[in-house]
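J.: Pulled the feature table from Swiss-Prot, pasting it below:
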BINDING   GLY8, ALA9, GLY10, LEU11, ALA12, GLY13  FAD binding site
Amino acid sequence: MSAIKVIGAGLAGAEAAWQIARQGIEVELYEMRPVQMTPAHHTGHFAELVCSNSLKGAGLDNAAGLLKEEMRRLDSLLMRVADQYAVPAGGALAVDREQFSQEITKLLQEHPLIQVHREEVKSLPQAGIAVIATGPLTAEGLAREIQKMTGEDALAFYDAAAPIVTLESINLEKAFWASRYDKGDPDYLNCPMTEEEYKRFYHELLKAETAEVKGFEKGKVFEGCMPVEVMAARGEQTLTFGPLKPVGLIDARTGQRSYAVVQLRKENRAGTLFNLVGFQTHLKWGEQQRVFRLIPGLENAEFVRFGVMHRNTFLNAPKVLKADYSLQKTPQLFFAGQITGVEGYVESTASGLVAGLNAVRRLKNLPTLIFPQETALGALARHLEGSPSVDFQPMSINYGLLPPLEVRIKAKKEKNAKISARALAKLEEFKAAEGLD
């Protein structure tokens, strides 16, 4: 049988390549890094995590946790490696990003059915089956080709990555260990603020200079990765109801709740690096150091990486994609990852998993898989196909995408757990019916 091309070896492309190869089909995997880098990536490794190192909630009362469990049950490579290189993060799944991407790169490069090409692809394949997983930073030449193929203008907004600081530079006499509502282990470092400290920080944040933006469309910002300075501009209390909310965080040393709290999450397994949760930013690097050192406990913080901003380009999925992730008018071409309009690491990986499975089905002239709407995988794909196309915006997985339960349950945690149980039961039924191992 012919090989399937996978263009892009980010989260979605890496997962798609794995799913294709595990079914005995050869893969031609193309990745332009490190020959041609993007504004946001730092390495040539596959599945590099460029924003946070968190893969969101781990529990089955969390939609992202459900999606991850569904992927595990379909032998997701990225979930397997994420579990292998997990770092403590309370109720979330976070990974050592370097070990994570290095292991995925190694496994794919050494796979006997995967041929890796380190080169930029500038045109869409004219024959055969292909998965396009070029991500939010799709190279300009290929982006133009996609526009010609789909007839749709690409949309753009800002994504932002948070700064990382060293543990040894954090003042542990001011910061304290805790997880919100004592959920899970106390894996977060928390920097408490008084009202006076918060207001000083807030006003300096508003005055701080942002870096020059080149080649981006201004003004379109996805809520889930909004720069902290953009959020602050919405009002003085916005941050205290967002990433700096103090609820559920009590400093055991004082027994008091602070006016605001900045949380820091482990960036690596060794626990030597921490990222500032919710502090994606486009401030100039000098300004980041000046303003973020106003946070109690970070007065002498050593920044090993400053926050950066980068472009995100995505399709108007309802107009051009099917729920199997293929193009409506060119069904031999599949798309996966953030370019489809899913948002988030886990969601991108999930789309790659489904696109990879379906690329093989198309090659074998079998009906493609449309996962049940009761599953997170199915709900996400059906959202892309069935949303209104006017002002379509990226979406993360959430329980609102899944059908409600037949019996109303008021307790949110219990309700979500039952939705997850239903989803996993439906997935097992679907796997049995479709012969998925």
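Placement of Cβ uses the backbone N, Cα and C atoms for every residue, glycine included.
Remember, predicted model here, so these are calculated numbers, not experimental data.
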J.: Look up GLY13 (FAD binding site) in the DSSP assignment and report helix, strand or coil.
T.: helix
J.: Inside 8 A of the center formed by the CB atoms of GLY8, ALA9, GLY10, LEU11, ALA12, GLY13, which other residues of the chain have their CB, for the recorded FAD site?
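T.: Everything else in range on the chain: VAL6, ALA14, GLU15, ALA16, GLU31, PHE46, ALA47, ALA133, THR134, GLY135, ALA336, GLY337, SER348, GLY352.
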J.: Enumerate same-chain residues with a sequence separation of six or more from ALA12 (FAD binding site) and a Cβ-Cβ distance below 8 A; give 'none' if the list is empty.
T.: ALA133, GLY135, ALA336, GLY337, GLN338, SER348, THR349, SER351, GLY352, ALA355
J.: What three-state class does DSSP give GLY8 (FAD binding site)?
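T.: GLY8 (FAD binding site) sits in coil per DSSP, no helix or strand.
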J.: Which residues of the same chain, at least 6 positions away in sequence, have a Cβ lying under 8 Å from the Cβ of ALA9 (FAD binding site)?
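T.: Long-range Cβ contacts: ALA17, LEU29, TYR30, GLU31, PHE46, ALA47, THR105, LEU108, VAL116, ALA133.
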J.: Near the Cβ of LEU11 (FAD binding site), how many other Cβ atoms are there if near means within 10 Å?
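T.: Summing over all protein chains shown, LEU11 (FAD binding site) has 30 other Cβ atoms within 10 Å.
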J.: Suppose we draw a 10 Å sphere around the Cβ of GLY10 (FAD binding site). How many other Cβ atoms does it contain, all chains included?
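T.: The Cβ of GLY10 (FAD binding site) has 31 Cβ neighbours within 10 Å.
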J.: Any same-chain residues 6+ apart from GLY8 (FAD binding site) with CB under 8 Å of its CB? Would you list them in sequence order, or say none?
T.: TYR30, GLU31, ILE132, ALA133, THR134, GLY135, GLY337
